[in-house]
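Working notes, beginning with the structure itself.
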Amino acid sequence: MALLDVKELSVHFGDKKTPFKAVDRISYQVAQGEVLGIVGESGSGKSVSSLAIMGLIDHPGRVSAESLQFENTDLLTLESKAKRQLIGADVAMIFQDPMTSLNPAYTVGFQIMEALKTHEGGTKKARKDRTLELLKLVGIPDPESRIDVYPHQLSGGMSQRVMIAMAIACRPKLLIADEPTTALDVTIQAQIMELLLELQKKECMSLILITHDLALVAEAAERIIVMYAGQIVEEGTAKDIFREPKHPYTQALLRSLPEFAEGKSRLESLQGVVPGKYDRPTGCLLNPRCPYATEYCRQVEPQLHHIGSRKVKCHTPLNEQGNPVEYQGA
């Protein structure tokens with residue numbers, strides 16, 4: 001049984017007459033101990049979908065779903081008190097920018113201990129001991145003195161380590177890492193990812209890794225979901241997707257990598273931008289940017305269908321040579 005089972009999740013912003021679908025009917029599962037990568041450009045709905053799972057979408061956002069099952073609990077119908085006990089304990093999240101996620105008015109030790117107090121209680125000494133253990137676990141040197149420093153006294157890399165310590169404080173079963181290395185330099189990025197994956201294996205956590213960095217997700221994830229304009233356009237194992245992308249958008253993302261541009265003077269890029277509220281096309285949402293789009297693509301929205309072990313949302317999925325082929329059904 002899946003640890004997390006998301007069915008037909010949507011997130012709308014704006015008024016009910018003209019809502020904007022930031023997330024549009026996505027469904028996926030995460031198994032116990034699995035590392036799932038969610039990739040896509042900025043504006044694809046990656047972060048918003050995870051904030052919806054965490055219950056962090058405020059007005060004017062509206063969340064709807066057939067179900068949001070964590071273990072045997074539906075997060076959508078869970079009463080507020082029970083949800084507060086579950087979110088942050090069994091399900092935790094690391095946010096993009098540690099410098100804005102930590103409260104500048106409190107020491108890092110206080111903030112970690114506050115999370116422990118909220119979810120686990122215990123004595124003040126036990127909470128402090130656990131905080132010191134966590135700071136040491138995430139590789140912060142001299143935790144006995146760092147426990148009393150404020151966020152502005154730490155570097156970006158150290159602040160992100162504090163965020164990781166706070167997220168894993170209550171030993172979550174599912175950890176969502178939203179662009180955990182975006183604000184960090186390349187060397188620190190590698191250290192943070194190595195730490196996250198080491199902790200994931202040690203604690204047997206499930207990990208959802210949200211990123212636009214395909215090289216990063218290739219090394220870390222077992223399975224990948226590709227999102228575009230709030231929709232899932234492709235899903236499969238990391239090996240399959242990198243070896244043989246089926247969706248034109250996935251192909252375009254991969255072709256933008258330096259590894260795929262050997263012998264070329266310029267990297268390939270996908271022209272245009274992710275559509276917003278007022279420029280969403282009919283039919284396939286990628287059709288204004290897709291080099292393979294047909295008149296049928298411009299009129300009819302494709303469904304997410306199975307091609308072998310893969311799921312692809314395209315009328316003309318790509319073959320082994322990277323050329324479009326009309327979909328003939330399962």
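Glycine residues also receive a Cβ, built from the backbone N, Cα and C atoms like all the rest.
According to Swiss-Prot, the protein carries these features:
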type	residues	note
BINDING	G40, E41, S42, G43, S44, G45, K46, S47	ATP binding site
DOMAIN	6-254	domain 'ABC transporter'
Any further residue of that chain within 8 Å (Cβ to the Cβ centroid of G40, E41, S42, G43, S44, G45, K46, S47) of the recorded ATP site: H212, M227, Y228, V274
CB contacts for G43 (ATP binding site) [other CB atoms within 10 A, all chains]: 17
Tertiary neighbours of G40 (ATP binding site) (same chain, Cβ under 8 Å, six or more apart): K46, H212, V226, M227, Y228, L253
Greatest C-beta neighbour count within 10 angstroms, which of the binding-site residues S42, S44: S44
C-beta crowding around E41 (ATP binding site), within 10 angstroms: 16
Least Cβ-crowded entry, counting other Cβ within 10 Å, from the binding-site residues listed as G45, K46, S47: S47
